[in-house]
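Asker: Shown below is the structure under consideration.
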Amino acid sequence: VQGANKKQIQFADQKQEFNKRPTKIGRRSLSRSISQSSTDSYGSAASYTDSSDDETSPRDKQQKNSKGNGDFCIKNIKQADFGRREIEIAEQEMPALMALRKRAQGEKPLAGAKVVGCTHITAQTAVLMETLSALGAQCRWAACNIYSTQNEVAAALAEGGFSVFAWKGESEDDFWWCIDRCVNLEGWQPNMILDDGGDLTHWIYKKYPNMFKKIKGIVEESVTGVHRLYQLSKAGKLCVPAMNVNDSVTKQKFDNLYCCRESILDGLKRTTDVMFGGKQVVVCGYGEVGKGCCAALKAMGSIVYVTEIDPICALQACMDGFRLVKLNEVIRQVDIVITCTGNKNVVVREYLDRMKNGCIVCNMGHSNTEIDVASLRTPELTWERVRSQVDHVIWPDGKRIVLLAEGRLLNLSCSTVPTFVLSITATTQALALIELYNAPEGRYKQDVYLLPKKMDEYVASLHLPTFDAHLTELSDEQAKYLGLNKNGPFKPNYYR
């Protein structure tokens, strides 16, 4: 009996522990109008800190790092040691950036560069920022997304002397305030922009158009941001050269395809613990992201359907063994709906009404426009928060669907992204900055450019030693036969 009693007491203790966990949800005064990509979350599952730790806004707190510098605004400077460890782990998986640091530290190709950046603030971007700094740049940084900041990483950066303005769970007002603090500093004028989603570029255009007189170029890494740049260019309003990193082969093929192939399963498992074997899944869009998602789900034994508007991508899906359907043909029977089209209103209320009970709905595209979440905020539907990033939306007849991350980017809200893949993107960003900053007057006009193929090849070659991979070299005779330079570029620029 004593043994049994002891067990019971132990169990009661555990139960009490469980009840102590914080259940309130942090400040979320988010209005709907904020730019879509900035409200997609990123890597938050890996972050130690929930925004509910402390209700005081970082804007109301005066913090200083150990050197007495206070030119930053973050959640809590005391978390710097945690953040430093996370950055050190990320460094292990980002060999190319570390190699770039070693190679270029002597010549400092970014000496005199004043980079203002707006990206996700995670351990991986911290490695990029510290690399830019090692190459001679001064950096000021804000988050391109209100949920994605890892607070402890922001603390480590602030401790290291970076001017960082970001915390997890910002309001829309905070979001623009942080960007403004980055840009608007007396006696400091940026000459390079590194953007993800185009919000920083948009803000400077709107508020400080004169700054573009000194800015040498913009580097943009997301589909959304690149789209905005092309629109500016078309309207004749782009007044500096811009580098489209998103469409460089190393970003497209690796970040979009291989990264999503791993992170789709991770995001779904962490949020719903769903079993994939035998499940019927429809993936909307068969671009690089869609291809990655389909490959992973098929390997887990799911029955995968694909929707597509482009006949070439559609034919690829058929050749890869997927049934090509229209969404309305399968919407009643599928267990999981995944959007990755880059479009808007792909899953509208009419489809949500017809889904079966328990259907999981999520988005892998950059913007939160693919699923019409606003149409679900009507009086007859009940929303129940199940856990962070997981909501049940319940119809009057009791049917419920499981909506993940409120239709925002799943792999960045609910899981993490493989660091190694981010290393490829980050190295491409660093090289694009170096290229634009050092380009002689007139090499780049006021237009949007792709990174030269030679640079893509250089980024790839920096990652090969990790795999102990050995490249074959062309003989002079072979090079002549193919009409190539022995050292590359090996493919024409139009090669996909």
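Glycine is treated like the rest: Cβ placed from N, Cα and C.
Annotation source TrEMBL lists substrate binding site at Thr122, Asp196, Glu221, Lys251, Asp255. Marked as NAD(+) binding site by TrEMBL: Gly287, Glu288, Val289, Gly290, Lys291, Gly292, Glu308, Asn411. Summarising the annotation, TrEMBL assigns compositional bias 'Polar residues' to 1-13. Taken from TrEMBL, the feature region 'Disordered' applies to 1-72.
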Asker: Cβ-Cβ under 8 Å from Asn411 (NAD(+) binding site), same chain, 6 or more residues apart: which ones?
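Answerer: Asn411 (NAD(+) binding site) has long-range Cβ partners Cys259, Cys260, Ser263, Ile264, Asp266, Gly267, Met364, Val417.
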Asker: Based on Cβ atoms within 10 Å, give me the single least packed residue among the binding-site residues Asp196, Glu288.
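Answerer: Result for the binding-site residues Asp196, Glu288: minimum number of other Cβ atoms within 10 Å at Glu288.
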Asker: For Gly290 (NAD(+) binding site), write down the residues of its own chain that are at least 6 apart in sequence and whose Cβ falls under 8 Å from its Cβ; none is a fine answer.
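Answerer: Spatial neighbours, sequence-distant, of Gly290 (NAD(+) binding site): Val283, Cys284, Val306, Glu308, Cys313, Ala317, Cys340, Thr341, Met364.
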Asker: Cα-Cα, whole number of Å: Glu221 (substrate binding site) versus Lys291 (NAD(+) binding site)?
Answerer: 20
Asker: In whole Å, how far does the CA atom of Gly287 (NAD(+) binding site) lie from that of Thr122 (substrate binding site)?
Answerer: 26
Asker: Between Gly292 (NAD(+) binding site) and Asp196 (substrate binding site), how many Å separate their Cα atoms?
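Answerer: If we compare the Cα positions of Gly292 (NAD(+) binding site) and Asp196 (substrate binding site), the gap is 22 Å.
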Asker: Restricting to the record's substrate-binding residues (Thr122, Asp196, Glu221, Lys251, Asp255), give me the longest CA-CA distance in Å as a whole number.
Answerer: 18
Asker: Could you give the Cα-Cα distance between Glu288 (NAD(+) binding site) and Asp255 (substrate binding site), in whole Å?
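Answerer: It is 9 Å, counting Cα to Cα.
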